[in-house]
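Take a look at the structure below.
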Amino acid sequence: MGSYLLKRVLALIPTLLIASVLVFSVVRLVPGDVLDLMLSENDYSASSHDTRADLEKALGLDDPIYIQYVNWLGDIVLHGDLGESLWRNTSVNQEIADRLPVTVELGVLSLLIALVIAIPVGVYSAIRQETLGDNLGRSFSIVALAVPNFWLGTMVVILPAMWWGWSPPNTIEPFFSDPIENLKVFLVPSLILGASLSAVVMRMTRTMMLEVLRQDYIRTAWAKGLRERKVVLRHAVKNAMIPVITLVGILVPILFGGTVIIEQIFRLPGIGQLLLDSVSNRDYPIITGIFLISGVMVMVVNLLVDLCYGLLDPKVRYDD
Amino acid sequence: MKDAVANQPANTPGETMQKDPVGGLLQVEHLRTVFRQGRREVKAVDGISFSVNPGETLAIVGESGSGKSMTAMSLLRLIPSPPGEIIDGDVFFGGRNLLDMSEDELRDVRGNEIAMIFQEPMTSLNPVLTVRQQLAEPMRVHRKVKEEDIEARCLDLLRQVRIPDPETRLDAYPHQFSGGMRQRVMIAMALACEPRLLIADEPTTALDVTVQAQILELLKDLTRQHGSSMILITHDLGVVARYADRINVMYAGRIVESGTAREIFEQPRHPYTLGLINSMPRLDASEKARLLPIEGQPPDLGNLPTGCAFHPRCPFAVDQCRQQDPPLEPYQGHHLKACWVNVDD
């Protein structure tokens with residue numbers, strides 16, 4: 001197990017290197033230049049050649065791109081320093097550290113809500129196939145899949161504001177000092193994100209349960225005289241969860257994409273909002289920093305998913 | 001004792017069945033199980049009656065699709081429903097009708113008084129639970145065995161089914177066992193509560209020939225030790241000859257012949273039984289002798305021929321066979337056959 005983990009962590013290094021090259025270069029290929037933006041913003045009406053060159057030098061953008069890359073990577077590897085914002089004199093590390101907890105809480109809460117809804121509903125739907133409950137569960141999932149969460153989010157913000165003059169709070173208390181106030185902010189956006197995720201997970205759970213319930217070992221469990229609860233929870237669910245865990249691993253990056261939009265709608269100061277601002281300002285260091293951090297998170301989640309297989313499936317063993 | 005109770009004539013619905021005064025362990029009467037596919041209705045088990053006496057081994061023999069497995073599954077109501085449904089009949093076990101029981105009552109019988117062993121040892125054990133977890137379940141559910149005694153009992157069962165080194169095997173997972181060893185685990189699990197009746201549904205079909213014999217010997221020994229009865233379902237007449245006391249031959253969801261092993265092998269009275277015996281390879285046959293297969297295909301159960309279901313494949317068929325369905329009637333004593341023709345003639 002230990003050596004497996006080490007191997008997997010070492011394997012992250014080349015992946016991250018490739019990701020860093022892509023992230024660094026692609027961001028600079030986006031049309032529109034940070035210099036033009038800055039010059040127009042500050043109304044250097046006579047944007048003389050000199051001012052532009054000065055600015056470029058001041059921002060460290062005058063070096064060839066590969067030199068910039070090596071410097072950037074060197075700072076990360078040697079000092080863990082993602083650089084400085086081009087617009088503000090703040091470090092990217094600090095910007096991300098301020099915003100990350102918001103996004104992580106939104107993401108984790110959405111995922112929890114999704115699983116808490118999806119797995120019981122999916123299991124129930126499968127064991128009561130073609131009943132009212134099953135049909136309700138499946139209808140819910142189709143609706144949740146069909147309604148885009150940006151639309152739902154917008155409606156949830158706009159309609160109560162129009163009808164009752166209510167809008168969701170957006171001063172965030174840290175979860176551990178005031179969980180209730182904190183949840184007041186996070187619950188609604190998490191529900192919206194969680195609902196759409198839960199639809200996918202629920203359908204997968206249902207399909208897998210139906211598959212597993214047809215297996216010979218389930219018949220054996222019935223023939224032993226076990227109660228339905230035991231047959232389902234002890235013999236079926238664990239087998240059905242293996243592909244569902246894979247799906248959850250795939251959904252995490254999608255979830256991250258969803259937070260960008262939902263943070264914008266609910267004005268949550270998370271990574272997604274920072275990313276949008278930075279992209280429109282062409283604030284390269286922040287954009288690359290965010291991509292790199294989210295890349296690391298996705299890889300860690302995938303590693304966790306693989307480790308979960310080991311817990312669920314005895315045929316998967318990591319002790320070579 | 002063995003012959004004290006005979007199979008009741010079947011295939012004649014409406015006839016009042018006499019309950020045996022001595023009381024077989026299991027008495028099946030007019031059992032009917034159908035599978036529905038859209039509007040099509042397939043008669044998997046078509047009104048069969050038989051009984052099993054305490055301590056005896058009854059074999060149910062027939063080709064694939066003859067309804068033998070469905071009969072076994074119907075006894076414990078393990079038919080996947082939908083599409084399957086038991087539409088008629090009674091299954092008396094120790095005087096109680098299994099088909100009228102509530103789910104709770106039936107659960108007390110399953111795995112406790114009647115246990116089952118299935119055809120596929122590779123897939124019949126749960127891949128994510130250890131042998132210990134699976135073996136202990138019936139004892140926990142039915143016998144309320146104390147937690148501290150469970151391990152000893154599990155080890156004892158594994159020893160009984162002759163699994164070497166049971167202490168280390170107890171916490172292994174099914175994929176760490178070979179097919180034969182898995183079937184031994186299945187047998188241990190089935191015997192955990194010392195059932196009065198063991199239903200073995202093709203227990204050796206998926207195994208190597210050498211392992212087959214070991215498993216059957218084991219089943220025979222253990223049922224004898226525990227005094228359990230066994231229903232042995234198989235398509236292999238060789239197996240039957242050696243291990244069964246009595247035999248029911250099934251064709252197209254019905255019993256076509258029933259008798260002691262000796263009667264069936266020495267004086268087969270139904271052309272289908274005769275066909276099965278003739279298609280068996282024999283060591284004492286001359287080198288030039290060829291196997292005689294039964295011509296044709298098993299019938300489509302959703303669309304049976306009129307009259308006797310076997311008549312299109314039967315070399316002895318006469319006009320009556322095409323028109324009237326022969327009832328299962330005594331030929332001699334407890335030897336029953338469902339055929340209009342006297343095969344002797």
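Here, residue 1 is simply the first one shown, and the rest follow in order.
Note: Cβ is positioned from N, Cα and C throughout, glycine not excepted.
Feature annotations, courtesy of TrEMBL:
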TRANSMEM  A:9-30  transmembrane segment
DOMAIN    A:100-305  domain 'ABC transmembrane type-1'
TRANSMEM  A:106-127  transmembrane segment
TRANSMEM  A:139-166  transmembrane segment
TRANSMEM  A:186-205  transmembrane segment
TRANSMEM  A:240-266  transmembrane segment
TRANSMEM  A:286-312  transmembrane segment
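Remote same-chain residues near the transmembrane segment (A:240-266) are listed as 102-103, 106-107, 110-111, 114-115, 119, 123, 149-150, 153-154, 157, 168, 170, 185, 188-189, 192-193, 196-197, 200-201, 204-205, 208-209, 211-212, 272-273, 275-276, 294, 297-298, 301-302, 304-305, 308-309, 312-313 (criterion: CB distance under 8 Å, separation of at least six residues from the stretch ends). Taking pairs at least six residues apart, the transmembrane segment (A:186-205) and the transmembrane segment (A:106-127) share three or more Cβ pairs below 8 Å and count as touching.
Beyond the transmembrane segment (A:286-312), the same-chain residues lying 6 or more positions past its ends with a Cβ under 8 Å from any Cβ of the stretch are 1, 5, 8-9, 12, 15-16, 19-20, 23-24, 27, 72, 76, 82-83, 85, 92-93, 95-96, 100, 238, 241-242, 245-246, 248-249, 252-253, 256, 271, 274-275, 278-279, 318.
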